[in-house]
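J.: Would you mind keeping the following structure in view while I ask a few things?
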Amino acid sequence: MSRHHNDFSDPYDQDAIEADLIDPDDAGLDDLEDPLAAPQHTSDRAPLTGNIGASTAQTQSYLNSAVGGEDRRAPQNTLDESVWATLSRDLLAVWEKMRQVLWPKYLLGGAMVPQDGGEGGVRGFGQGLMGVVGRWPDADVVLQGGMSEGLRDWDLWGPLLFCLLLSFLLSRGAQDEQKGVVFSGVFAIVWIGEAVVTFQIKLLGGNISFFQSVCIIGYTLFPLVIAALLSALSLPIIARIPVYIVLVAWSMAAGISILGGSGVVKNRVGIAVYPLLVFYVGLGCLCFIS
Amino acid sequence: MDNPEPGSLSWRLSTHPITLLCFLGFRIASVLVYIFGLLFTDNYVLVFILTILLLAADFYYLKNIAGRRLVGLRWWNEVVPGSGDSHWVFESAEEGSRTVNKTDHRFFWMALYAVPVAWVALAIVAIVRFKFMWLSCVVIALVLTITNTVAFSRCDKFSQASSIATRALTTGGLAGRLGGAMIGRFFG
């Protein structure tokens, strides 16, 4: 039916569009294109057809993996598993988040180092230290990276434990009649601070959920817990200044590098991150004076 | 007590006595520590931390262990990769694949609904007595326990709905068995 399209001596086939639109004057009924038949010719639509098929296949595999993957979504594994399997899986998830805080990719190796385990972070340490100064201002580069799989599934163990530890350690340094006030004060400051920073990021257009952000900020309190512990062990004031600056910077680096996937618009990153800095510095000062 | 009738509230009738006792222990201990903690020590901080830790342990134990072992239900939270939205996923055992002990069933649902009511009463007491420090503790308790209550009651509804659907399918001769456990997805 459309055999004449493959015939290169036909003058109408010099131009594909013309051949599609205009039939030759002397064409019989059999030569004309049958609109119901499958298109055999190579027209403009050919690549588009291929694209549609490919994207459908991708969508299907995506859906399949989302329903029946090998992780915790696999339905038949979770109801009858042993208690130890449940505990170890959740402990591993917590450790994965802790690892992201302990080796912030913003400092150690930058955004280009793939997240392939602790070795990757350690390997990039040398380059990281050299590149810290040069890389410090361009948080935009880091913030364009996606959030890793382990951090997407939030939990509140980190925020809860670190918040309790921080409040407890700081209240130990207070006088006896003020212990309760200091404890509840720090407890409230941490949660309200996390909420405020999260709302700031949400208002600036980040597509991060409330609890994800609270989870990340809670886990990044770990260096400040070390600071509070040092205060409780009555580290001398002189030694506190450099150590606490480093610890606050560590928290800050972890916070920036993990919050990277939140999708904040590029030129607003500084505004989004600034309250986080105030939050960390405030808690660091509390540790300093206690 | 020698021969209690089936379904009565005696832990010896349970098929998972250790799970049941741990579950009830965490639930009741958190309330008891909150109410009576200050009788044994005047350390406000210690009682607060103990209550919060017991509440967290109770939340985790109920959500991940007690729910599936006692009544065969489970829920968890999933995050949609693109948008960061989260939705709850409910899982229930296929009908007939497991027999839920009546004693476990009654204990589970009674504790699930009774404890949030107790915390609401304690919240009212804290407001009336102007103890706002303790009110924050009660608010955390309410959030944790009510989340579990809402999630498990929805999970139970999904389980009943899907078992009705299975029955309709099998009696209608349309399809055989739906493989594996059924997942009700609730977007919200």
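Any Cβ shown, glycine's included, is placed from N, Cα and C.
According to TrEMBL, the feature compositional bias 'Acidic residues' maps to A:23-34. Under the heading region 'Disordered', TrEMBL lists A:23-52. Look at TrEMBL and you will find A:152-285 tagged as domain 'Yip1'. The transmembrane segment annotation in TrEMBL covers A:156-174, A:181-204, A:210-231, A:243-265, A:271-289.
Please situate the listed features within the shown structure.
T.: On the 0 to 100 pLDDT scale, the domain 'Yip1' (A:152-285) averages 86 in the predicted structure.
Remote same-chain partners of the transmembrane segment (A:156-174), defined as residues 6 or more beyond its termini with a Cβ less than 8 Å from a stretch Cβ, comprise 94, 97-98, 180-184, 186-187, 190-191, 194, 211, 214-215, 217-219, 221-222, 224-225, 228-229, 231-232, 283, 286-287, 290.
Within its own chain, the transmembrane segment (A:210-231) is flanked in space by residues 97-98, 100-102, 147, 151-152, 154-156, 158-160, 162-163, 165-166, 169-170, 173, 190, 193-195, 197-198, 201-202, 240, 243-244, 247-248, 250-251, 254-255, 258-259, 262, 276, 279-280, 283-284, 287-288, 290, which lie at least six positions past its ends and keep a Cβ under 8 Å from the stretch.
Under 8 Å from some Cβ of the transmembrane segment (A:271-289) lie the Cβ atoms of residues 139, 166, 170, 186, 189-190, 193-194, 196-197, 200-201, 204, 206, 217, 221, 224, 227-228, 230-231, 240-241, 244-245, 247-248, 251-252, 255-256, 259, 262, 264, all in the same chain and six or more residues away from its ends.
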J.: Could you tell me what the rest of the chain brings near the transmembrane segment (A:181-204), counting residues at least six beyond its ends with Cβ under 8 Å?
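T.: 159, 163-164, 166-168, 170-171, 174, 210, 213-214, 217-218, 221, 259, 262, 264-265, 268, 271-272, 275-276, 279, 282-283, 286, 290.
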